[in-house]
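As annotated by Swiss-Prot, disulfide bond applies to Cys3-Cys18, Cys10-Cys23, Cys17-Cys30, with the evidence given as similarity to another entry.
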Amino acid sequence: DDCLGMFSSCDPKNDKCCPNRVCRSRDQWCKYKLW
């Protein structure tokens, strides 16, 4: 499976973002996890 890179649109219920990235429900983008 390909993961989603920075600022890719994503589905918060089905987060396919790359490691160390998280799908933000507010923006529906993959962003860096800061914690």
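Sequential numbering from 1, following the chain as shown.
Backbone N, Cα and C define each Cβ position, glycine as well.
Here the features listed in Swiss-Prot are placed on the structure.
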residue	record	CB count, 10 Å
Cys3	disulfide bond	13
Cys10	disulfide bond	22
Cys17	disulfide bond	22
Cys18	disulfide bond	13
Cys23	disulfide bond	20
Cys30	disulfide bond	23
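Look at Cys10 (disulfide bond): DSSP puts it in coil. Geometry remark: Cys23 (disulfide bond) versus Cys17 (disulfide bond), CA distance 6 Å. The two recorded residues, Cys17 (disulfide bond) and Cys3 (disulfide bond), show a Cα separation of 5 Å.
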